[in-house]
Each structure stands twice: as structure tokens, then as C-alpha cells.
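Novice: Provided herewith is a single structure, encoded as C-alpha cells, for subsequent inquiry.
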């Protein structure tokens with residue numbers, strides 16, 4: 001009978017566990033606890049004289065047993081916390097059973113019954129050993145003011161500053177070799193840069209790019225730029241020369257034009273004077289005055305020189 005009930009309970013739990021194949025440890029723990037309760041219910045049914053049981057009945061009894069045990073634990077925890085304790089004791093469980101209407105005096109006789117079935121412990125499967133994580137340094141223990149149930153400190157390298165730097169080299173020979181190699185590298189880099197950006201000469205006529213040499217350039221006099229006029233000064237000098245030339249040509253053209261007009265006017269005046277001799281006296285007085293301002297000779301402005309203080 002026990003085998004039949006156990007088979008029914010195991011079959012139900014096996015179907016349940018088979019339908020929920022989970023790799024989560026919490027889910028596996030709940031499935032194992034449920035299966036253990038089903039085995040206990042099957043053994044109780046066998047002690048009561050049942051030879052077989054339906055799956056729904058076994059599940060209902062399992063749920064009732066689980067709820068009963070959960071209520072005992074919850075009530076014991078509440079009584080424990082009311083007395084300012086964190087862990088329940090036997091007295092808390094006894095008070096809980098009494099409050100739930102259970103006769104505590106019948107427990108010793110029930111534990112010593114003759115038809116008691118011994119449930120063997122389930123086989124323990126060796127869990128795969130997880131490799132330990134790589135640790136750097138030694139873990140720091142808790143100080144006296146931190147309770148032991150607090151989590152441990154993480155690895156020291158996660159929160160302790162560990163600067164990594166090389167010690168400076170102080171050997172004289174090593175420093176000289178390092179300085180020489182750096183100077184040689186800088187010279188090579190500068191030579192390559194000058195060969196790529198400037199004019200070069202080659203030792204071989206056939207292959208120009210094999211051994212490029214920097215073309216020699218004559219040295220310029222450093223103070224020559226200060227002696228030579230700048231572009232702005234040259235431009236100003238050119239503008240001044242061009243303006244003087246324009247003024248000179250304008251003056252020459254104006255003088256030529258005036259002379260031509262004077263000659264024409266003299267011819268006209270002579271012809272008029274020959275016809276009217278009375279106008280000759282008044283015309284001679286007006287010859288020295290020019291009414292047209294554009295025909296007057298150019299007068300340069302007077303340059304005012306500053307008196308030097310002696």
C-alpha cells in the first residue's frame with residue numbers, strides 16, 4: 001500500500017517536475033520541497049489503510065499540509081518578534097500549536113506509534129563544483145562593530161586604490177643610452193620630414209629615393225630683411241611716383257594748351273586792334289588778369305616748418 005501511494009505521489013511530482021524543467025536553484029528547491037511533502041502525504045495515507053489515491057486528492061492534501069506548516073512558521077515568527085527576539089524557540093512553537101487548537105500532549109504518543117513508517121532520505125546528488133573566482137589579495141575580516149551575519153567585504157582590488165607605476169631608472173649608463181637613442185630617433189624623424197617636404201639630392205642617378213640627402217642652401221644674412229624696404233613701403237613709393245608723373249603731365253598739357261590759346265587770342269586781338277585802334281589801350285590792361293580758374297598757373301602751398309627749440 002505504501003508503494004502504491006508513494007508511486008502515486010512520486011508520479012504526480014514527477015509529472016510536475018517534468019513539466020517544469022528549470023535551472024534556477026530557487027525553482028529546484030521549491031520542486032524538491034513539494035515532492036517531499038507528497039511523499040509524506042503518501043506515507044500518511046498508507047498508515048491510514050489506503051491502497052491507492054487519485055492525483056487530485058494527493059495534491060489537495062499536499063497543499064493543506066504545506067499551508068498548515070507555513071501557518072505554524074508564520075505564527076511562531078510573530079510571537080518571537082513580539083518578545084524582541086530574531087529566532088523562534090520551542091516555546092513559540094508550542095504557543096502557536098495551542099492557539100491553532102492542537103493538543104500538544106498527544107505528540108509523544110503519536111511519535112511512538114507502532115505503525116510508523118520510516119521515510120528514507122532522498123539520494124543526494126553531488127552538485128557541480130563551481131570554480132572559485134580569481135581573488136587578488138586577502139579578504140578583510142569584519143571589524144568588531146560589524147555583526148557577523150553581514151556580507152563579507154569584496155576583493156581588495158575592487159575598492160582599495162592600488163597605483164601601479166614603475167620605479168624611475170637611476171643607473172647612469174642606462175640613462176645615457178636612453179638619451180642617445182631618443183636623440184637618434186628625433187634626428188632620423190626630422191631628417192625624413194625635411195627630405196619629404198623640401199628639396200633633396202640623391203647619391204645615385206638611377207634610384208632617386210634610395211638615399212635622399214637634404215639639398216644645401218646658402219645662408220642668408222639675418223639683418224638683410226631689416227635693410228630692405230617692405231612691400232607696403234614699395235607700394236607707397238610706386239603710388240607717389242605715379243602721382244608725381246600724372247601731375248607733371250597735367251602741368252605740361254595745361255601749359256601747352258594755354259600757349260596755344262594765347263597765340264590764337266593774340267592773332268584775334270591784333271586783327272581787332274587793326275580794325276579798332278581805340279580798344280588797344282583797354283585790352284593791354286586786361287591781359288594780365290585770367291578770369292578762368294582752370295587756366296591759372298598752379299600755386300604750391302607753402303610748407304610750414306616747425307621752429308626747433310634751441
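Cβ from N, Cα, C; glycine included.
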Novice: Look through 13, 22, 202, 271 and state which residue has the annotation phosphoserine in Swiss-Prot.
Specialist: 271
Novice: Check the candidates 130, 162 against Swiss-Prot and report the one noted as phosphothreonine.
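Specialist: In Swiss-Prot, 130 carries the phosphothreonine label; others show none in the record.
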